[in-house]
Every structure is written in structure tokens, then in C-alpha cells.
Amino acid sequence: MDIEDEENMSSSSIDVKENRNLDNMPPKDSSTPGPGEGIPLSNGGGGSTSRKRPLEEGSNGHSKYRLKKRRKTPGPVLPKNALMQLNEIKPGLQYMLLSQTGPVHAPLFVMSVEVNGQVFEGSGPTKKKAKLHAAEKALRSFVQFPNASEAHLAMGRTLSVNTDFTSDQADFPDTLFNGFETPDKSEPPFYVGSNGDDSFSSSGDVSLSASPVPASLTQPPLPIPPPFPPPSGKNPVMILNELRPGLKYDFLSESGESHAKSFVMSVVVDGQFFEGSGRNKKLAKARAAQSALATVFNLHLDQTPSRQPVLSEGLQLHLPQVLADAVSRLVLGKFSDLTDNFSSPHARRKVLSGVVMTTGTDVKDAKVISVSTGTKCINGEYMSDRGLALNDCHAEIISRRSLLRFLYAQLELYLNNKEDQKKSIFQKSERGGFRLKDTVQFHLYISTSPCGDARIFSPHEPVLEGMAPDSHQLTEPADRHPNRKARGQLRTKIESGEGTIPVRSNASIQTWDGVLQGERLLTMSCSDKIARWNVVGIQGALLSIFVEPIYFSSIILGSLYHGDHLSRAMYQRISNIEDLPPLYTLNKPLLSGISNAEARQPGKAPNFSVNWTVGDTAIEVINATTGKDELGRPSRLCKHALYCRWMRVHGKVPPHLLRTKITKPTTYHESKLAAKEYQAAKARLFTAFIKAGLGAWVEKPTEQDQFSFTP
């Protein structure tokens, strides 16, 4: 018998004892001998002096009569370990023994399991424990964080019933389970009382164990009680101090103008570094503590479903919240470097955006590709018919244009020589042209929700989602109709201003002379443009002649995150789209907020926009009203500049590597029309908006694109 079998026998016998339902056992009679008091009962053999077993009531006088065992009333469902949870989520997984090392009395086993194309390894003194550790790692790849019962204990066991993504069970079954560890056996189980009030008792119907039971296996649920606040008004700093006494908080930086200061505090917990920012040091300290509680102890103080990440349908290589916080931190850090720790006059901004690239599962290897700011669009009188002015200087639009420069640079790197091909993010596609390497992903960060449909909601009504202000009684949800007719509408930005308005039915075509005579130049909202990228890709029409469609893997918001509204704006409202060309799809990226939401940026928005792409030595500052820099020079991101890059790459790519065969084009407009699959996908997108009753896409005057290449 090997070590594993011995342990299995031992653990199974212990499990039987622990699982015995003591509540169903009759109370001990005073006449019944206690342990060590009675004489051993006879086994039926002769010579025993033990007394006979008394006849039981209802035995019909037969000594060997046995009562039928009563069916035990099912007690509370015991918490499931990681192995059990993973088996329910992904049944039929095969665990492989990779190695066995160490002496006989202290062996070390390494087991592996493949889940979603990834291999996870676990080690332990027995095969069983090694399998358990492998299962935990696998679960962590798509479930947010492991459970920590000590955090719940510090909260006085007042757990919120919303400790997992229950609102998304139908759409995301993989996120049903948050816990990997069973609670401490010394802790009695606590349950919400069946009367639905806030009291706790040791019996009831709704289990608050770390591993929720799938709805299909339980009785009809009772009314959900309201979320519980931290006991005795404990704030994150107090709760963290109970879990890890004596922590030291460090003041890292102070930035911003006098009326809009931003402080950054940090704390180290269990070797992990956490930052928090806020308008004062106290708030920054609390946010640092809150971030630590969420990451280390799986203790989330804001558990409303709308604040939870909306998982992607594609390959998820990273833990959602870890990725979101890392992307935010990287973009803010790069912007700080570029603006001398926010001291530069051009550090002023309302919205900050950036694109981060990951090339594997470790977010430590992530790289900032672009950073930008801005909230305004060009004034109609400054339109350029040579592609020399930027029409839209909103931060997220500028970040994506900066990303295009990086993609051109990577294509040129691949085309240089064979040595550089390994350094490029592109590789040849078996379908013709180029495609991204498998592990390369791009993540879009925006410091607030994009203007347009994603921002049309009231972030503070009511105070708690599903609760009336100043009340502990459940009311109607905060937004009963997140998809009502007013939602999802295409919207346009206001020229030389902020905010958006719904498109008019007759405004789909704009004319050059009409705009010059005083008609407002209309630009589609950022929500609408990002929804467009989720269909046609972020590479645009020109690059699609060389590369397969590229999509964002995640969209991270620094503030004003609401999962329902953001997912509707990004892709749900066009879920009726059909007949897309090959390789084009309706992309559904990860959507997430960050642990420490950015403070609102009060005051008037600056009239400039800054941009930076990896490889640049400094930021470029553009006047958003004119679409050019202060000296009247065109931006490195303008249509003409990017068209020059495209022509240069087009001259280097062998004809057989083009995804679309194209003769030498004469104008920018003709070059874009040559990308026939891209244009077909765009047409399907516009049709989907119209069929859904959301309005017609408004395009710029065609004269803007009728320019030729001039080196």
C-alpha cells in the first residue's frame, strides 16, 4: 500500500466521522453507559459475560429485528475543495504524474492538468495534495481569487450574499465558484436565518459557505437579504489592521492643482505591494487597504453585480482584477514619467487613455504601447482635405491611432530581415498576409467610461444597487431597463464642446460646404467607435490589407464602470449582427473597473491633447480645436502621416503576402475601399445598428479622404 492509499483511507474515515449528522442522533439517556462505563457487548461467541442487547421498542419480540434506517434530513451542503469544483466546471479532466522526488519518508509528487489549453502543475507530499494544488491553480486562471476565511472572520462573519458573480451565472458558468479552501473546521457554520432578516443562526436554508451550490441543485431560493455593511462601521484600514497588525503605510506622491489634488499611498501585505489614490491621504490609505483586502483575502467591500468584471468570450490569460489594476498602474506610471511626475503643464487632463500589450500569462511582462489625453474634437472650419488635421482628439481615439503607428513599426521590423522576424509581434498567416502571434494581446485603458451610450446612466442612484436610499429593504433594481429604447442609441459628439447627443434620422451624410457654412461637424461618440472596433478590428481598413483583424482583449475603466451599461454599449446592442466575412466577428472583450477608482477630474477640460507611442522620445501636444500643433504643423497621427507609413509598407510586402490584391492606388479613399472584407464587415455593422432601431452612422464629408500620397 503506497503513501497515497494510506492517506486516502485515513482521510476517508475522518470524512465519515465529520459528515455524520449529529443533529439526527437521539439524546443520550442517563441510564445508557457512557464511554468506558459499560461492559463490551457480545459478538455472539460463547464464554462472554457481557449482558444481552435489550429488545428495542417495536421489535415485535425478535432479538435480531432491525428497524429500517430513517432517511437523514439533508443538512447544509459542505464546502467543496478545488478538485471538486474544477470537476463540476470541467468534468473529465485527466491528471498526469510528472515526477516523484525526495526520500521515501518525505516524497514530493508533481501532478499536472490541462484546462482551456493551459497546463497547470501542483506539488505536494501525496498525489492527492499535488492534484489539489494543480486544481487550485487551474481555477485561479478563470475564477477571480481564492477564498480566505480569516478575512471573513475579521468582518464578523457578516458576509455579503453577493460574494460571487451570481448575476452572471447564465452567461458565465465558469465563475460560479469563488472559493478554493474549506473553512476552518473549528468554526461553526453560519447561515442567514430563514426569516430573511439580518440575524445569523446555526440553522437555515441559505448557505454562506465559500462554495455556492449551482441553482439547479437547490430548492427555490428565499428572498435575498440586503448586502451587509462592515460590522461596527469598520473601514478597510481597520479590517486590514485586524488581519495584519502593525502594517506601515507609505506616502508616495502628491500631484494635481490645488483644487484637484491627488495623493498616492502604499502598503505591503504578505510581500505584495498595493497602491491607493484619492483626494486626501486618508482616502488614498483606505483605497490601498481595500486593494489589499480584495487581492490577498478575497474580501470585496463593493459586491454589487454591476461593479464585477464582465468576462471575455475569448482566451483569458490573466486574472481579471489583477490585469485591470496592472494595466491602470502601467498607464498612469508612464504618463507620470512623460510629464515629470505630473508637474508639466501638459499633465492637465480630464481623460487619460492608453494601450498595454501582454505577450504571455505574466502581467509583469506587460508593456505600455501608447498614452494619450483629450476630450475635444476639431472645429468644422479647420477641416483638412489633405488629411493633415486630427478630427477627434478624445483620449481613447488618440490611443488607438498611436497603436496603429506601433503596428506599422512591427510590420516593418518583420520585413527587415529574418533575424528581426523573431522580434516582431507578427507572423505569417496560413491564410495569407500576417497575423498576431498567439500570446500577443492588447488592452485598452480609459480613465472614465467612454462618452456616449456607455456613460448614459446615473452612477449614484440608488446608493446601493437594488436598495432604496436610507433603507434596508430591497426595492426595484437601480436600472430596471438597461436595454430600453433610450439605451443603445448612436450618439455624436458636440463640436468644440463636451458630451453627446443622439443622431438625427437625416444626419447620416455631412457635406463639406454645409459644414464650412456653419453646420456643426458631427463626430461619432467613443462608445460607438469602440463598438465598431469590436466588429471590424482596431487595425483599420488600410492595415487589414496586410494583417488579419485585431481586437482588444480587454477594456479597463478607471472610473464610472458599470458592467451592464458598458457591455451593452460595447457589443450587446449589436448582437443581431450577421453574415460577417471570414475572420471578422463580434468581439466580446473582458470589461472591468479597477480596485481604486480614479477621482473625478473637476474643472474645465484643457483644449489640448497629448499623445505618445513606444519609441517616441517625448509627448506630442495637439490643439484639439485645429487638429494640429500650436505651430500649425500636422500631427504624427494624422491621416496623411499614417497613409505614408502604409505606402512604405505596401512597397516592401511581396504581392503574394497581401491579403487583398491591390494595384498602385491613387488616393487614400481608393486604398481604403480596396480592403473589401473590411468594408463588408463595416456595412454589416451599420445595418445592425439600423435594424436594432439605434440610428444611422454619421460619416465625415467624403472630400476629407480624396487626397493622394505626397512623400
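In case you wondered, yes, glycine gets a Cβ from its N, Cα and C as well.
Database features, via Swiss-Prot:
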- GLU396: active site, proton donor (ACT_SITE)
- ARG400, ARG401, LYS529, ARG532, LYS639, LYS672, LYS682, LYS700: 1D-myo-inositol hexakisphosphate binding site (BINDING)
- 63-73: compositional bias 'Basic residues' (COMPBIAS)
- 192-213: compositional bias 'Low complexity' (COMPBIAS)
- 231-298: domain 'DRBM 2' (DOMAIN)
- SER149: phosphoserine (MOD_RES)
- 1-79: region 'Disordered' (REGION)
- 83-88: region 'Interaction with substrate RNA' (REGION)
- 176-220: region 'Disordered' (REGION)
- 237-242: region 'Interaction with substrate RNA' (REGION)
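Feature map: annotations from Swiss-Prot on the structure.
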{"residue": "GLU396", "record": "active site, proton donor", "Cβ neighbours (10 Å)": "28"}
{"residue": "ARG400", "record": "1D-myo-inositol hexakisphosphate binding site", "Cβ neighbours (10 Å)": "24"}
{"residue": "ARG401", "record": "1D-myo-inositol hexakisphosphate binding site", "Cβ neighbours (10 Å)": "24"}
{"residue": "LYS529", "record": "1D-myo-inositol hexakisphosphate binding site", "Cβ neighbours (10 Å)": "19"}
{"residue": "ARG532", "record": "1D-myo-inositol hexakisphosphate binding site", "Cβ neighbours (10 Å)": "19"}
{"residue": "LYS639", "record": "1D-myo-inositol hexakisphosphate binding site", "Cβ neighbours (10 Å)": "23"}
{"residue": "LYS672", "record": "1D-myo-inositol hexakisphosphate binding site", "Cβ neighbours (10 Å)": "21"}
{"residue": "LYS682", "record": "1D-myo-inositol hexakisphosphate binding site", "Cβ neighbours (10 Å)": "18"}
{"residue": "LYS700", "record": "1D-myo-inositol hexakisphosphate binding site", "Cβ neighbours (10 Å)": "18"}
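Broken down with DSSP, the domain 'DRBM 2' (231-298) shows 27 helix, 22 strand, 19 coil.
Here the CA atom of LYS529 (1D-myo-inositol hexakisphosphate binding site) lies 10 Å from the CA atom of GLU396 (active site, proton donor).
Secondary structure counts, DSSP: the region 'Interaction with substrate RNA' (83-88) has 6 helix, 0 strand, 0 coil. For the 1D-myo-inositol hexakisphosphate site, whose annotated binding residues are ARG400, ARG401, LYS529, ARG532, LYS639, LYS672, LYS682, LYS700, the maximal Cα to Cα separation is 19 Å. Under DSSP, LYS682 (1D-myo-inositol hexakisphosphate binding site) is assigned to a helix (H, G or I) in the three-state scheme. Note on the domain 'DRBM 2' (231-298): its mean pLDDT in the predicted model is 82.
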